[in-house]
Amino acid sequence: MAPACQILRWALALGLGLMFEVTHAFRSQDEFLSSLESYEIAFPTRVDHNGALLAFSPPPPRRQRRGTGATAESRLFYKVASPSTHFLLNLTRSSRLLAGHVSVEYWTREGLAWQRAARPHCLYAGHLQGQASTSHVAISTCGGLHGLIVADEEEYLIEPLHGGPKGSRSPEESGPHVVYKRSSLRHPHLDTACGVRDEKPWKGRPWWLRTLKPPPARPLGNETERGQPGLKRSVSRERYVETLVVADKMMVAYHGRRDVEQYVLAIMNIVAKLFQDSSLGSTVNILVTRLILLTEDQPTLEITHHAGKSLDSFCKWQKSIVNHSGHGNAIPENGVANHDTAVLITRYDICIYKNKPCGTLGLAPVGGMCERERSCSVNEDIGLATAFTIAHEIGHTFGMNHDGVGNSCGARGQDPAKLMAAHITMKTNPFVWSSCSRDYITSFLDSGLGLCLNNRPPRQDFVYPTVAPGQAYDADEQCRFQHGVKSRQCKYGEVCSELWCLSKSNRCITNSIPAAEGTLCQTHTIDKGWCYKRVCVPFGSRPEGVDGAWGPWTPWGDCSRTCGGGVSSSSRHCDSPRPTIGGKYCLGERRRHRSCNTDDCPPGSQDFREVQCSEFDSIPFRGKFYKWKTYRGGGVKACSLTCLAEGFNFYTERAAAVVDGTPCRPDTVDICVSGECKHVGCDRVLGSDLREDKCRVCGGDGSACETIEGVFSPASPGAGYEDVVWIPKGSVHIFIQDLNLSLSHLALKGDQESLLLEGLPGTPQPHRLPLAGTTFQLRQGPDQVQSLEALGPINASLIVMVLARTELPALRYRFNAPIARDSLPPYSWHYAPWTKCSAQCAGGSQVQAVECRNQLDSSAVAPHYCSAHSKLPKRQRACNTEPCPPDWVVGNWSLCSRSCDAGVRSRSVVCQRRVSAAEEKALDDSACPQPRPPVLEACHGPTCPPEWAALDWSECTPSCGPGLRHRVVLCKSADHRATLPPAHCSPAAKPPATMRCNLRRCPPARWVAGEWGECSAQCGVGQRQRSVRCTSHTGQASHECTEALRPPTTQQCEAKCDSPTPGDGPEECKDVNKVAYCPLVLKFQFCSRAYFRQMCCKTCHGH
């Protein structure tokens, strides 16, 4: 099996001759183009968000850097059309590529010559319009368009055509460009493979190969790293790789000072986008903090065809310039000049083992990230595809091996080889990471090797506008943009995923481009919506890319040990939902641990580290078999498995991490978890605060032992060994100090074994000396005073003896001796194990109760046996504080809409995440992975009884004044289909059949006068009469008329007399005798009336 070599011999089919140049394989762009199987010419045009040409307005008169062709806008749209392709690029400025205040440095042989601020304005990343989730674009707009377009499972590369026509163009036109597929590239080194073989001897290999590490022992899934000291392990957090980029003098000469800066940044722009892909399983930001362009050779930097020697020289050189540039030119200490990794881009055709050109493209140490002299790489410039080389090599510094080398990726039926493939073929997808790469970087960060990536450097931020182009241009107008002025929309189905338009030949066609965002749409669940990211959503809403959310915790795994304190683990994955459309990867704890099987192992059990070392006895090491035992010398990591070959004078690290639950050191109860030393309480529980007292009793009160200390002065110097003190069995915290600067000889005598220390100054420091069931450590302080210390307890009594040369005090001693069992109280308080966490997530609690135990057998007894005054306080701690995964929260069902027969009831259904015990956060429905529970359901009650049914009311009778309305009331069945006898319905519930009414007031009664009768006089004045009666509005007789308004019933009349006969005199004028009211007639001036004038002729005469 080939080791996970860091040499990248990617197939040169990645794209030769991109950007401003052609590679060493071709002398000109014409020669390069002739090598392609096919290519096309396109004229990229800057357009608006819907593909329409921009209105041209002349720029203001100002000086502009020649040839950039760039814009300062944060968002751009370009249309790239060729005979077989049609792309509408949606580009957004890459704000995360450059750290704040980054500068470009030009170095001569003497060091830094001059520097200026970097110009990030022409670096863009994005996607094809309407295809945010299925396409990728990384483009530099300086000097034309240079970059990659990934769409429809094909990679396209674009670069300006050299020597194109230079006629006048509008600012939106970019001139002729070459567009070709990566699959059309051909190169003689296509089958070049990794040049490292198994049979090469380990000794003598270059240092970057000696550091190779095996793949993770088991798939780590979605585990992430531990953080800096004090931070939790297995917690996913954002990482920031501050990157130094160096272009050698051949790069500067080839591309020219005018263009090399933007060319290099265009490459790094693609690198940054590759590390942003969610397939990496971690959030890693590539930031350029320093860009150095070498215009001359450097005195201490040797770059040649030999990749190994060039890498060695570059790694040392980049370390030397961290705080200085050139010969002592200081870089301001603002944090920007520091870097986590260094990238060299060279125009040399490099080769791994010889100083001649060959197919090697890159070289980097595996697992070198955050190590100052190993976090570096050399990369051959092959055009824009250099970005894949750099991303590949940085992957190696994260501990990634090649896909298929020491792992299953790339094998048949397994995850295909991807960005970390040893060489790229036409079937390889270099834009995503394989599951093996994800496991490698997770293991690397999980082991605490990425601490330097936790700090967040300053960066340049930009505000991006948000638009809804479909609101400005409806679907018909979008069709006219694509197919001419007579086109219009012709299919109205899933317009958000595919816009269908009438062609010039009046056929309904589509180019598979979705309608613009904001275009009106409708589905069976949305009456009025608009298109957003190829989906019809409620009008006005803008659902962004879905951020990842943690799924549920897996069940606790098996315990790592059967006794002595093991570890059980549980993990969760960022898949509820998975991050999509650029959504963020989950941050937070992804693996948790708990203690298990904490009881002591049986007496005589083999040391757990010894067991692990002995498992390698049957595995050959460099072709031979050895018996391995634990090595605990200086410089050994506490949680790595370092074993000594018994009988041989060498040791080696057999495993990067011991089995979980292994003690970190012999004199501590702390244990190793995932390669990191974790604190445990003396009860062997992770995270427990329970501590030993001075007697080494867990949770004790110090009453089980007494401290014995003193200073010994010899009685007869030189007379032989003298007894100093007797240390009883079970003593702990033993301390013996030599006060005579080793002018004494010390001995420890036991029942079965002894320890003699002579010539202490010559003993290697520190030294570990096993005796009486414990380990004594020989230490030497800064004042040269030596001491012998042991944690204990000792399993046999010891006598301290000394052979002194002077009468001066020779030894100081101190230890804690056990008190006789008879004098110990028989019962004492102890902490019980922690209870199970009260909640699975969002913050639960655990309680550690206190119980009274028998000191002799540790059995629990009734509380009254222990002293109430010494009772320990009950403990409580938080647990499972991480937020719960999104889930549906369902309310109670409402009452049925009907109390009998069939009805409907409803309830509230909300997608939310419980953040803590007192806080819940409502989320969009798409965040919940499970189907939404129903909001409505049918409900049924008892059969409804018959009921009264009333028909409509009749009109009010009479039409004015008080009246009545009438209606028909029937007894009906519950479904109103059958009419039943009235006895079937409740009489008390019967609605009324009549109702009083009063539409309006009736007209008042009025006087009605008849016709006048004939005059009573046949000649002269007389009277006539008529009838006057009071009638209602119905014509009936009434007594309600106003008397004052009653019309008269008589009237004076005058009949015409015949002519008088001769001799007849005039008739005498007199009052009628029967009338006595003539004076009143005169008084009230009624004489003008004919009647009164006739009746009172005399009285009225003359008036």
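Note: Cβ is positioned from N, Cα and C throughout, glycine not excepted.
Bond annotation: of Cys479, Cys490, Cys508, Cys531, only Cys531 is listed by Swiss-Prot as forming a disulfide with Cys496. The cysteine that Swiss-Prot pairs with Cys370 in a disulfide, picked from Cys315, Cys436, Cys452, Cys479, is Cys452. For Cys501, the partner cysteine in a disulfide bond according to Swiss-Prot, taken from Cys479, Cys508, Cys521, is Cys479.
In terms of C-alpha distance, the listed disulfide-bonded residues Cys370, Cys376, Cys452, Cys496, Cys508 place Cys496 closest to Cys536 (disulfide bond). The recorded positions shown are Asn90, Cys436, Cys521; of these, the one with its CA atom nearest the CA of Cys574 (disulfide bond) is Cys436. Closest by Cα distance to Glu393 (active site), from the recorded positions Cys376, Cys479, Cys596, Asn795, Asn892, is Cys376. Counting other CB atoms no more than 10 Å from each candidate's CB, the disulfide-bonded residues Cys376, Cys409, Cys496 peak at Cys376. The separation of Cys436 (disulfide bond) from Cys586 (disulfide bond), Cα to Cα, is 19 Å. In this structure, the CA atom of Asn90 (N-linked glycosylation site) is 16 Å away from the CA atom of Cys531 (disulfide bond). Break the domain 'TSP type-1 4' (947-1001) down by DSSP state and the numbers are 6 helix, 21 strand, 28 coil. For Cys501 (disulfide bond), the count of additional Cβ atoms within 10 Å of its Cβ stands at 24 [all protein chains shown]. In sequence order, Arg907 constitute the residues six or more apart from Asn892 (N-linked glycosylation site) in its chain with CB-CB distances below 8 Å. Packing around Glu393 (active site) is summarised by its Cβ count: 27 other Cβ atoms lie within 10 angstroms of its Cβ, all protein chains included.
Taken together, the residues of the domain 'TSP type-1 4' (947-1001) have an average pLDDT of 88. Within 10 Å of its Cβ, the residue among the disulfide-bonded residues Cys358, Cys521, Cys596 with the fewest other Cβ atoms is Cys358.
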